[in-house]
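A.B. asks: For reference, the structure I am asking about is given below.
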Amino acid sequence: MVKQTIQIFARVKPTTKGGAVYSVEDDGSCLGFVVPKDLADGFINNKRESYKFRFQKIFDQSAKQEELFDTVAKPVADSVLAGYNGTIFAYGQTASGKTFTITGGAERYSDRGIIPRTLSYLYQHFSQDSTMAYTIHISYLEIYNEMGFDLLDPKHEASRLEDLPRVTILEDPDQNIHLKNLSLQQAGNEKEALNLLFLGDTNRMIAETPMNQASTRSHCIFTIHLCGREPGSATLRRSKLHLVDLAGSERVGRTGAGGQHFTESKYINLSLHFLEQVIIALSEKSRSHIPYRNSMMTSVLRDSLGGNCMTTMIATVSAEKRNVDESISTCRFAQRVALIKNEAWLNEELDPALLIARLKKEVQLLKGELAMVTGEQRSEKLSPQEIQRLGEQLKVYLDDSDSEAMLDVGPDMRKICHCFSELKTMVCKATPASFTAGDTSAITLVKDIPTPEEVKKLKDMLVQRDNEISILVSMLKKEKKRVQDAVSTAGNMEAQSSLQSSTANLSDESLKGSEDLSPLPRLLQRKKGLELSVGRQEAFEIFKRDHKDQLTIEDNKALLKLRYTEAKALGEKVNSARNKVNDLKKQLELRRRQIAAQGVMGNLPESEVPDPMEEKLLAQIEEEKNMYKNTFGKLKGMKTEIEHLQLLLEKQKFKLQKDFEDWWTHEAGSMQRSVPEETSAAPTRTPTLSRPMAIRDTVSTRMIKKEHELSASPLLNLRESGLHPQVDADLLAFIKARQNILNKIGQVQR
C-alpha cells in the first residue's frame, strides 16, 4: 500500500498582453500574485496585496508539453504499469489552457497533450517489456448538464443529444461504482487508441463564448483500463488511469452569457461547487460523511479523491490582470486539494478461469491418490472426453521410438485398466502368424486392418447406398419427363391463347410488315418491353410529349446530367488534392533529408527553431488534407443525390410506359366499337377531335395505308401454317372481312 497526498502542479497560460501580476520563485515551487489596493475603496483598506502559493512545480509560460509530461504524467503512467490506479485532472477557469494541457493542440505535433503522449508511452513500454502481456481498453465519458454520455458511441454523430442513451451510475454492495451504457473499446495498438481519442473529441460539446472561441461545455473523463499478466501466471494486474478535462468555471456576470450558454454555465459551476465540497470534507479529518453522491462527476471520481488512487492535479491559471481573482481562487482550491491523502494498493487478482481449471485438476489428482491408498474403486465411469484423451495419449506412447518413454495417466485405476484393455485389444487384433507362443518379442501391433465384421458391415452399407442411388436416379428421370410434358402443354396453351387474342383485337400487332405473314411466327416473335412497332412508337412519342409528367422527367434528366458533371469535377478535385498531398510529402521528406545532411556535413547542432520551409510544407499538407476531406464528403453526398435521382427517373419512366399501355389498349377497343358508326355517318361531317382521338386517327390512317399495301399482295395460304384446319378457315374469313371494312373506311375518308 502506498500512502501519499495528492500532487499539485501549476501551469501559467502564455499571454501576449503585458502587465502580468504574478511571480515565480527561483526554485520553481512558489507562485505569487500582487494585487495593488484600489484607491476607490478608501484610505483605510486592509485588503491583502500579496498572495503566495506553494506547488510541487510551476510551469511558466515558456514551458513545453514534453516537459510537462515528463514531470507530471510519466510517474503516474509508471505507477499504472505497476498495477496502481492513477488520475490526472486539470482545474481552472475557462480559457486557461486545461484542454490544451490534457488533449493538446492540433496545429503542431509538438503540441500533443498528456493523453496522446501517455498512450504513446504505454505502447512503447509494451513493445520493450517481453515479461508481461498487456491489454488496453478505453472509455470516454462526457458529463454535460449533469447527464452522462458515451463519446465513443457510434450513434453519437447521427442522433440528437436527447436521443442518445445516457450513462447511469450503479453501485454494488461493496460501494463500487459501475457505469451503465458506457462502452469499453479495446485498442490493439497506438493508432487504434488515438482514433478513439479523436472520435471522442469530435463528439464533445464545444461552443464559442466571450472568454474562449472553442470552449468545452462539459466535463470529460478519458479512462485507460490496463490489464497485465506474466506468461503462464494466473495472477492479473488490473489498473486504470483517469485523464480528466474539467470544464472551466466562469462568472456569468462578467461573460454576459445567456440562453443555452447560461444553462451550461450554471451546471458547470454547480458541479465544480460539489467538487469543492468533497475536497473540503476530505481535508477535514473530523468529517464522517463525504458528499460524493451530490454530482455525477464526484461519484465517478470517488476513488481518485481519497480512495485507491495516485492522484495528480494541474492548476491552470491566467497571467492577465483581469483574471487575477479567478487565478487566486484556483490556487486556493489547489492548496485544499493538497491536504487530501490517498491510499493506493496494488490491484492484483487471480484469473478466475485459470484458477478454476487448476483447482479441478488438483481435485482429480487428489481423488485418484485417495483411491490408490484406500483401495476403494471409483464407481463412476470414464467420460467420453477422458476416453478420447486416453486414446490420444496411448497413440503418442506407441508411436514414440524412445524405449524409456512412459505413459502417465495418473493414480486412477479406471484409466490404468482402460489403457491395458486397449493394449490387449490391439494385441488380439494382430496377425497370429507374426509371432509364436512364448515369443513376446515378435508381437507386432497391426493397425488399420478391419475385422471380418467390419468388412461385412461395409459391404452391406455399400449395397444399401447403391439401392438408394438407383431409386434417386429413377425418381429424377420421372420428374424430368413430367417437367418436359408440362412445359410442352403450357407452350401449346400459350400459343392458342395468343392466337385467339390476336384475332379478337384490331391492333397492328397481327399484321406486321414482315416477309412471312403467317399467324404462328408472328405470335411466337412478339416484342417485349420497349420494342414497339412503327405506329405504336409514333403514338408513344405523341403520348409522351403531352403527358403530365413529361416536364418533370425532363427536369430530372437535366438535373441528373448537371449532378454527373459536378460529381466528375469533384472527383477530379479529390484526385488532384491527393496527388498534391503526395507531392508535398515527398518535398517535405526531401527537405528533412537536406537539413539532416547539412547538419551531418557541417557538424551543426540541432536547431530548436523550426525550419520555415518545413512549416510551410506542413501547412500546405494540412490545407490539402482538409480540402480533400471536404471535397470527398461533398462527393459522397452527391453520389447519394445521383442515386436518388436515378431511382426517381426510373419510376417516372415506368409509370409513363404503364399509362401508355393502358391508353393504347383502351383506344384500340374504342376504335373497334367506333368503326361501324363512322361508316354510316355522312362523309361531309367533320367532328371535333380531342387529343386521344387525334392520336387515334393518326394511327388509324397509318394502319389503313399499311393494310392497303398488304392487300395488294396475294392472300396468305393459311392451310400451310400447320394449324388446325378449322382455325385456318376462321382466320381467313376474319382477314377478308377486316379488309372489306378497311376499304370502306378509306372511301369515307376520301
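Just so you know, glycine gets a Cβ as well, placed from its N, Cα and C.
Dumping what TrEMBL says about this protein:
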type     : residues                                               : note
DOMAIN   : 5-340                                                  : domain 'Kinesin motor'
BINDING  : GLY92, GLN93, THR94, ALA95, SER96, GLY97, LYS98, THR99 : ATP binding site
COMPBIAS : 487-508                                                : compositional bias 'Polar residues'
REGION   : 487-522                                                : region 'Disordered'
COILED   : 567-594                                                : coiled coil
A.B. asks: Over the coiled coil (567-594), what is the model's average pLDDT?
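C.D. replies: A mean pLDDT of 87 is what the predicted model shows over the coiled coil (567-594).
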A.B. asks: At a 10 Å cut-off from the C-beta of LYS98 (ATP binding site), count the other C-beta atoms across all protein chains.
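C.D. replies: Step by step: centre on the Cβ of LYS98 (ATP binding site), count other Cβ atoms within 10 Å, giving 26.
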A.B. asks: Specify the count of other C-beta atoms within 10 Å of the C-beta of THR99 (ATP binding site).
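C.D. replies: Neighbour count, Cβ to Cβ under the 10 Å cut-off: 25.
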A.B. asks: Which has the fewest other CB atoms in a 10 Å radius around its CB: GLY92, GLY97, the listed binding-site residues?
C.D. replies: GLY97
